[in-house]
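J.: Just lifted these from TrEMBL, have a look:
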| type | residues | note |
| --- | --- | --- |
| ACT_SITE | D97 | active site, charge relay system |
| ACT_SITE | H125 | active site, charge relay system |
| ACT_SITE | S326 | active site, charge relay system |
| DOMAIN | 88-362 | domain 'Peptidase S8/S53' |
| TRANSMEM | 418-439 | transmembrane segment |
Amino acid sequence: MSTRGARWAAATCGVLAPLTLLGLGAAAPGQEAQAAQQGPAAPETRSCTEVAADDPRVGPWAGPSRALAATGVLEAQDLLRRRGVTPGAGVVVAVVDSGIADAARLPAAPGVAAYGQGGAVVDPHGTIVAGLVAAPPRPGGGGAVGVAPGARLVDVRVLDAFSPQEGQAGPLAVRVAEGLEHVLAEVRRAGGGEPAVDVVNVSMAVPPEPRIDAAVEALWREGVVVVAESGDRPVDESDPLPDDLAVATPGEDAATQVHPAGAGSDGEEPGRHVLAVGAVASPDGSGGPADELLRSSAIDVAAPTAGGVSIGLNGGSCGVDSVSTSWAAAQVTGVVALLMSAYPDDTPAQVLDRLVSTADGRADVRSPLRGAGVVRADEALARGLAVRPDAAAPGAEAEPATAPAAEPDLLAGIRDDAVWWGVLGGGALLLALVLRPVLARRDPA
């Protein structure tokens with residue numbers, strides 16, 4: 001059994017503990033998918049971005065997660081549970097963000113050091129992202145919250161707030177690099193076997209930084225999948241992205257300006273080893289606020305976000321009502337964890353292949369907003385055999401192929417003789433045809 005498989009077995013036995021802490025439990029198989037098709041319920045709590053740490057919990061969000069229903073996550077979760085597998089069990093996800101609030105009580109990965117903790121979490125972004133990835137279901141059959149509730153999280157806090165006040169750290173490329181390097185150090189500290197971290201979520205978009213690219217590539221070679229948002233259009237001066245991306249332009253391609261999503265997009269070796277995620281507006285995957293999202297050739301897949309459910313700073317469930325590549329990347333990170341719990345021996349290349357080849361678009365003709373299309377977790381889970389068996393393992397070096405030796409041609413000599421006899425015979429016949437009129441005129445008769 002692989003290390004990830006061993007983690008899965010241990011996690012399956014112990015997964016009820018965090019659910020009991022939160023008073024949450026799973027809905028009956030099939031109930032959520034059916035409820036989600038009935039449309040959104042009237043919200044009973046505020047948007048996750050508006051919930052403060054000291055706000056009282058007013059009860060769980062009542063409506064189903066339409067974002068999860070639109071990507072086939074509910075069906076995939078039901079399928080795994082029927083197999084006796086908790087979605088995400090045995091998988092460790094590092095969340096590089098603004099920190100995960102203690103009140104969320106999301107399960108932490110044992111034995112893996114967190115990073116940058118200190119003081120209360122003030123920006124809900126990281127908590128919302130973590131909830132979309134791995135929050136357990138709501139109580140009383142309230143429905144799913146996170147895509148992979150069996151996953152364990154590593155809090156990699158690299159900023160205080162995306163719009164920092166005086167004395168607070170904001171989003172900087174160098175801090176993202178430091179967070180990724182911390183994850184890499186933890187992976188290498190774990191030694192052989194499966195890495196200590198399986199997936200890294202970076203729901204952030206920063207300018208290019210060589211240290212980010214190097215860390216992403218090193219993590220890939222260690223067997224770790226890095227999932228990153230493709231980028232929302234910058235709206236204020238606190239955004240670290242270049243000012244020229246604030247307004248959409250014809251033929252826009254932000255791939256080389258937005259990292260980590262664009263890492264490796266310069267066309268140079270070793271190429272792209274990051275899963276870049278775009279967002280779409282409606283839960284059915286159609287439409288999209290094109291002017292609010294950056295167009296990028298780096299986008300691999302997309303996900304809807306409005307109508308989702310997550311966890312706020314006060315630990316209660318809340319609604320995700322905005323369209324953002326940050327939330328989309330979190331959802332897809334959860335799908336990656338879900339797939340890894342089902343296929344623990346897959347390489348990063350195989351995991352990405354499952355996602356891209358089963359998205360609802362075309363992998364060979366990618367959209368600058370949707371990539372290969374909206375992810376379909378149920379299809380990616382069910383079509384395991386559709387994945388190319390030759391998908392390369394991380395760090396595998398290509399071996400030059402040797403042409404097979406030519407087999408001896410036993411008839412080569414005979415064929416050569418036949419060719420020459422044919423040439424001589426044809427020449428003689430042609431000569432006879434040419435000389436025949438001449439000889440006929442010399443006939444004494």
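Placement of Cβ uses the backbone N, Cα and C atoms for every residue, glycine included.
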J.: Please report the Cα separation of H125 (active site, charge relay system) and D97 (active site, charge relay system) in Å, rounded to an integer.
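T.: A Cα-Cα distance of 7 Å.
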J.: Which whole-number value in Å describes the distance between the Cα atoms of S326 (active site, charge relay system) and D97 (active site, charge relay system)?
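T.: Their Cα atoms are separated by 10 Å.
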J.: Can you give me the same-chain residues 6 or more apart in sequence from D97 (active site, charge relay system) with a CB-CB distance under 8 Å?
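T.: Residues satisfying the criterion: H125, G126, V129, A130, V156, R157, V158, L159, N201, V202, S203, M204.
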J.: Note down the number of other Cβ atoms within 10 Å of the Cβ of H125 (active site, charge relay system), including every protein chain shown.
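T.: So the Cβ neighbour count for H125 (active site, charge relay system) comes to 23.
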